[in-house]
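Per Swiss-Prot, these features apply:
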- N6, R17, G189, G210, H211: 3-amino-2-oxopropyl phosphate binding site (BINDING)
- D8, H9, R44, H49, T99: 1-deoxy-D-xylulose 5-phosphate binding site (BINDING)
- H42: active site, proton acceptor (ACT_SITE)
- E69: active site, proton acceptor (ACT_SITE)
- E152: site 'Transition state stabilizer' (SITE)
- H188: active site, proton donor (ACT_SITE)
Amino acid sequence: MKLGVNIDHVATLRNARGTSYPDPLKAAEIAIDAGADFITVHLREDRRHIRDEDVFNLKKSISTELNLEIAATEEMLEIAKKVKPYSISIVPEKREELTTEGGLDIVNMHSKLSSIIEEMHSSSIKVSLFIDPNIDQLKYLEKLGTKPDIIEIHTGDYCDNPSEKKLQLITNAAEYVNKLGIECHAGHGITYEHAKKMTRIPHISALNIGHYLISEAVFYGLHSVVKTMKMTMSN
C-alpha cells in the first residue's frame, strides 16, 4: 500500500508568521527520503496554506509523483494544466471550513465532472475524485462519460468516531470502486491506529495522510513519523 504525504500544514506554520520557513519543498524531500510514495498538496482558493509558487516548485523539484488537490473551478483547472502534476484530486471546498468536510456530490455534478476528467486527460493528468463511502453517490460514477482514474474515499467520519459499521462502509465502497475498474485510495483524519485498520481493507491501494503526520513531527521529527507510518502500513 502506498503512502501519500500531505504537507499543507508545513505551509500553515510558515504563513502563521509570514516567513519563508518552514519550506514545504524541504518537508516533501524529507518525507520522500523517509519512504513517502507521493506528495499531496491542496491549493485552496483562499491560499490559506499552500501557494501557487509552492505547487510549481514541488512539481519542478521532487522525485516522486505530485497529487494536487483542487476545487472544481476554472481558475484551479487552468493552474493544474500549467503545473501538470501526476494527478489532481477534485474536492469540495467552502471558504468557512477548517478542512474539507465531506465528499463530492456526484449526483448533482456528474456532467461537470465528466468534462473536467476529459479536459485533464487531454493534458495527460490523472483525475481523482474525493467521495464519501456512500454507495448511492458511488453509483453515479457509472453515469460519467469519462471515468476518473482514482476514487479517494473520505475517511473523516470513521476517523473522528470509529466504529465497525463505519469501517464496513469504507470496505464496501472500496469493493464497489474496484468492481468499476477504478483505483481506490483513502484519506482524511488517519492516524497510526486508523492506518492499521485501513491496510486490512482489500482494494485500497494508497492512503493520503497529512495533518496527523505534521502534528506528530512537531514532537518526533518528520522523517521519523513518515517512516513509522510506512512501517505501520506494511505490517
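Glycine is treated like the rest: Cβ placed from N, Cα and C.
The Cβ of G189 has fewer other Cβ atoms within 10 Å than any other of the binding-site residues G189, G210.
Ranking the recorded positions E69, E152, H188, G189, G210 by Cα distance from H9 (1-deoxy-D-xylulose 5-phosphate binding site) puts G210 first.
Nothing from the recorded positions R17, E152, H188, G189, G210, H211 places its Cα within 10 Å of the Cα belonging to R44 (1-deoxy-D-xylulose 5-phosphate binding site). Separation of the C-alpha atoms of G189 (3-amino-2-oxopropyl phosphate binding site) and E152 (site 'Transition state stabilizer'): 13 Å, rounded to the nearest whole number. All protein chains shown were included, and the count of other CB atoms within 10 Å of the CB of E152 (site 'Transition state stabilizer') stands at 31. Among the residues N6, R17, G189, G210, H211 said to bind 3-amino-2-oxopropyl phosphate, no two Cα atoms are farther apart than 25 Å. In this structure the alpha carbons, written CA, of G210 (3-amino-2-oxopropyl phosphate binding site) and E152 (site 'Transition state stabilizer') are 14 Å apart. Cα spacing between H188 (active site, proton donor) and H42 (active site, proton acceptor): 12 Å, rounded to the nearest whole number. Across the fold, the C-alpha of D8 (1-deoxy-D-xylulose 5-phosphate binding site) and the C-alpha of H42 (active site, proton acceptor) stand 7 Å from each other. In the three-state DSSP reading, N6 (3-amino-2-oxopropyl phosphate binding site) counts as strand. Proximity to H49 (1-deoxy-D-xylulose 5-phosphate binding site), judged by a C-alpha distance within 10 Å, picks out none of the recorded positions N6, R17, E69, E152, H211.
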